[in-house]
Amino acid sequence: MVHVIKNLPTLAVSLDGNEKNKRFFCSRRDKLRYPRETFALYTGKLKGGLSFNSSNLVSAFEECILFGIPQLKLSTVLFSFKEVNNLCSIALNVHCELEPVCDGESEDSDIVKENSTKDVYKLESSGKDCFMNLYTEKFDTNQPSSFLEETKNSVEDGILYLEELDEKVLSKRILKLSRLNKPKSALAIYKSMIFSGLKPDLHACNSLLSSLLRNGMLDNALKVFNSMKSSELTTGHTYSLILKAVADARGYDTAIYMFRELISSRNLRKQIDIVVYNTMISIFAKANDWDQAQKIWKILQDNGQVGTTVTYRLLICTFVRCGQNELAIDAYSEMIQNGLSPESDMMHAIIGAYSREGKYDSALNILQCMLDSELKPNARACNAVINSLGKAGKVKLAFEIYDLMKSLGHAPDVYTWNSLLNALNRANRYCDAIQLFERIRNIQSVILNVHIYNTVLTSCHRLGLWDKAVQVLWQMEASELPVSTASYNQVIGACEVARRPKVALQVYYRMVRQKHSPDIFTLLSLMRVCIWGSLWSDAVEILKFSEPNGSLYNAAIQGMCLTGKLDLARKLYTEMRERGLQPDGKTRAMMLQNLQTDSRRNRKRSFL
């Protein structure tokens, strides 16, 4: 029996078989245009209470063939309705009633009583609720039953019935839902549009993609991305979104692999703009992978792209942060050649790069450009320039930048003071360095560190101010700073210059008690100071308890030859050869000269 909708004979319900195995399908008939044709729109298996599912679509289509009804393949299929009234009101926007019609009778005959025609059959399904799409296309009756699987897949994908078919209106809906952070609803409309042959606009697609990625739906985003590529709806912003998301979720190796696939395609390469390159550079900048960032820069140049300010800011900051100062300078030079104006952070970074490369004149030029542009250099940039000038011995310029730094409102820190002290030492102005140290020590806000102490110890060493050096060393120990072997070496060196061997030995023994291992510089300084102080036993003891070293023996032998201790020198020379140590040229020459002199004296004595 066929139940026909009374006030709309274009929809019907077919019930055949027994009560336990009934089939339901909606059909469409237009008597004027299609006198004997009905189009199957939906089928389902009835169970108690007229509930149905979509598992018997093929069987129902066979039923259609039996009645001579040509079938149409649907773009999408209804999966569930709660009421038949909802079916008709949603699908065709009309109120409906069901009228039973026997097989073979016309749809206009009245067979069932009037009360039964007004019954509403409730249709309950086990699937999710969705809308029916009226968009249909011709379906070959000889096509295999794989249509059932395709239909089920479209239903499971959440494809909706689109009452509105205007692409602009639907695109605005996708855009609005995406901005409201409702990616699932926006995705359903997008799928329904694609399934119905409609094309959303580019802005809506990118907004949907961004919403999916914000909510961690990367797999769905990749499907949308592939769909956009096939529809030629991608832009540089699209690629940027997906590449950044892939890098965050699956690592930048996967991102670079996807990027190389994109640029390998001639059609897609045209769509990749500078924004995509910037995204890839930022991915590697985040990982401090300067090598990959440089490769992207090279690809950008080979493809004829011109970098933007963002491009060069990423490159310069990444290279400087990774210690690749030359690459940073090259990127800055290219940016200037392209007529782009550097920003404040870029200028700060490039000042550091020039300073570390010893190009203080270029660093000064950038600093002056910042001042001319009414940009305020930070304290770090000023310190970098002062340090670079100090290494070059430009003391006057270094102190001018120091004055500029104070005029800009920056308080000098320990790095500033150490740079100024080093500048004075490089200029051999050791007394001025010691005076500046005393000024710094009187500033209560400055906490002296190891570097400042070591720098002033260098000044004391050069001047031979052993007492001042010892005083600074005690201050270091009293401040509970980690005193290194280098600090003790500077004090011993000051004692050497001042010819204070006993003080040097005291500092040495203090150093050993503090569990600091002396290095070759410590031992050489001690050896020289002991020889010049005629502390022969101490010199021999140092050789005895130290690791065998040719330089140490050479210094001892040469010093003893110069002071007339030839017997001790020959003894140490023999001991040196027995230990397998090689004397240098000066040691051999002095030993030969002293041996010849000694043999002449012996011959003269025997003659007399």
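Placed from the backbone N, Cα and C atoms, the Cβ positions cover glycine too.
Feature annotations, reproduced from TrEMBL:
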type	residues	note
REPEAT	201-235	repeat 'PPR'
REPEAT	273-307	repeat 'PPR'
REPEAT	308-342	repeat 'PPR'
REPEAT	343-377	repeat 'PPR'
REPEAT	378-412	repeat 'PPR'
REPEAT	413-447	repeat 'PPR'
REPEAT	449-483	repeat 'PPR'
REPEAT	484-518	repeat 'PPR'
REPEAT	549-583	repeat 'PPR'
Across the repeat 'PPR' (378-412), average pLDDT on the 0 to 100 scale: 93
Remote residues contacting the repeat 'PPR' (378-412) - C-beta distance under 8 A, at least 6 residues beyond either end: 347-348, 351-352, 354-356, 358-360, 363-364, 367, 370, 419-420, 422-424, 426-427, 429, 445
Residue numbers, six or more beyond the limits of the repeat 'PPR' (413-447), whose CB comes under 8 Å of its CB atoms: 379, 382-383, 386-387, 389-395, 398-399, 402, 405, 455-456, 458-460, 462-463, 465, 468
Tertiary contacts of the repeat 'PPR' (343-377), as residues 6+ beyond its ends and Cβ separation under 8 Å: 309, 312-313, 316-317, 319-320, 325-326, 328-329, 332, 335, 384-385, 387-389, 391-392, 394, 397, 401, 408
The repeat 'PPR' (201-235) - residue tally per DSSP class, helix then strand then coil: 26 helix, 0 strand, 9 coil
For the repeat 'PPR' (413-447), the number of residues DSSP places in helix, strand and coil: 26 helix, 0 strand, 9 coil
For the repeat 'PPR' (484-518), sequence-distant contacts whose Cβ falls under 8 Å of one of its Cβ atoms, 6 or more beyond its ends: 450, 453-454, 457-458, 460-466, 468-470, 473, 476, 525-526, 528-530, 532-533, 535, 538, 546
Same-chain residue ranges lying at least 6 outside the repeat 'PPR' (308-342) that approach it to Cβ under 8 Å: 274, 277-278, 281-282, 284-285, 288, 290, 293-294, 297, 300, 349-350, 352-354, 356-357
Helix, strand and coil residues within the repeat 'PPR' (449-483) as assigned by DSSP: 27 helix, 0 strand, 8 coil
Residues in the repeat 'PPR' (273-307) grouped by DSSP into helix, strand and remaining coil: 26 helix, 0 strand, 9 coil
